[in-house]
Amino acid sequence: MNVIEGKMTQDGIKVGIVVARFNEFITSKLLGGAKDGLVRHDVPEENIDVAWVPGAFEIPLIAKKMAKSRKYDAIICLGAVIRGATSHYDYVCNEVSKGIASVSLESEIPVMFGVVTTENIEQAIERAGTKAGNKGYDCALGAIEMINLVRQIG
């Protein structure tokens, strides 16, 4: 049996990050975690491009534009959607997750889902660097692993 695994090494990779400005007190921490994860694994800062969008709903379009440019080996999508009193939360979560998934499948470029979807602000804070780790950092490691896995498969 031949096992193919993505390694936590990189060789000249370039990563695009799309981050939502809405709930910026959370998303800026996710972005910090993503950049930290990439730099700690030897991705030079000049190989990391960051695009800010108004909110999570706008993430898939810019992720798709980045993917179509073919400049990036992976794209990391970061946002924070926190449930409120209306059904808006459900619509945004559904469309953002579908949109991000479609970008990855259509482009065949790893697109990491770092949009935290939580019931309350406390859960979002936990996922942005406290009790539950930092989902941005997790996405950075996942991006490096997926880049190497995709390269191995060809």
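Including glycine, each Cβ sits where the backbone N, Cα and C put it.
What you are looking at is a predicted structure, and each value in this text was computed from that prediction instead of being measured.
What Swiss-Prot lists as 5-amino-6-(D-ribitylamino)uracil binding site is Phe22, Ala56, Phe57, Glu58, Ala80, Val81, Ile82, Phe113. Sequence-distant neighbours of Ala56 (5-amino-6-(D-ribitylamino)uracil binding site) (same chain, six or more apart, CB under 8 Å from its CB) are Ala20, Phe22, Gly79, Ala80, Val81, Val92, Val96, Val115, listed in sequence order.
The (2S)-2-hydroxy-3-oxobutyl phosphate binding site annotation in Swiss-Prot covers Ala85, Thr86, Arg127. DSSP assigns Thr86 ((2S)-2-hydroxy-3-oxobutyl phosphate binding site) to coil in the three-state reduction, placing it in neither a helix nor a strand.
Positions annotated as active site, proton donor by Swiss-Prot: His88. Cβ-based neighbour count (10 Å, all protein chains) for His88 (active site, proton donor) stands at 12.
Between the CA atoms of Thr86 ((2S)-2-hydroxy-3-oxobutyl phosphate binding site) and Glu58 (5-amino-6-(D-ribitylamino)uracil binding site) there is a gap of 20 Å. When other Cβ atoms within 10 Å of the Cβ of Glu58 (5-amino-6-(D-ribitylamino)uracil binding site) are tallied across all protein chains shown, the result is 19. Around Arg127 ((2S)-2-hydroxy-3-oxobutyl phosphate binding site), the C-beta neighbours below 8 angstroms that are at least 6 residues distant in the chain are Val116, Thr118, Gly133, Asn134, Lys135. Phe22 (5-amino-6-(D-ribitylamino)uracil binding site) falls within neither a helix nor a strand when secondary structure is assigned with DSSP, and so counts as coil. Its Cβ taken as reference, Ile82 (5-amino-6-(D-ribitylamino)uracil binding site) is surrounded by 17 other Cβ atoms within 10 Å in the chains shown.
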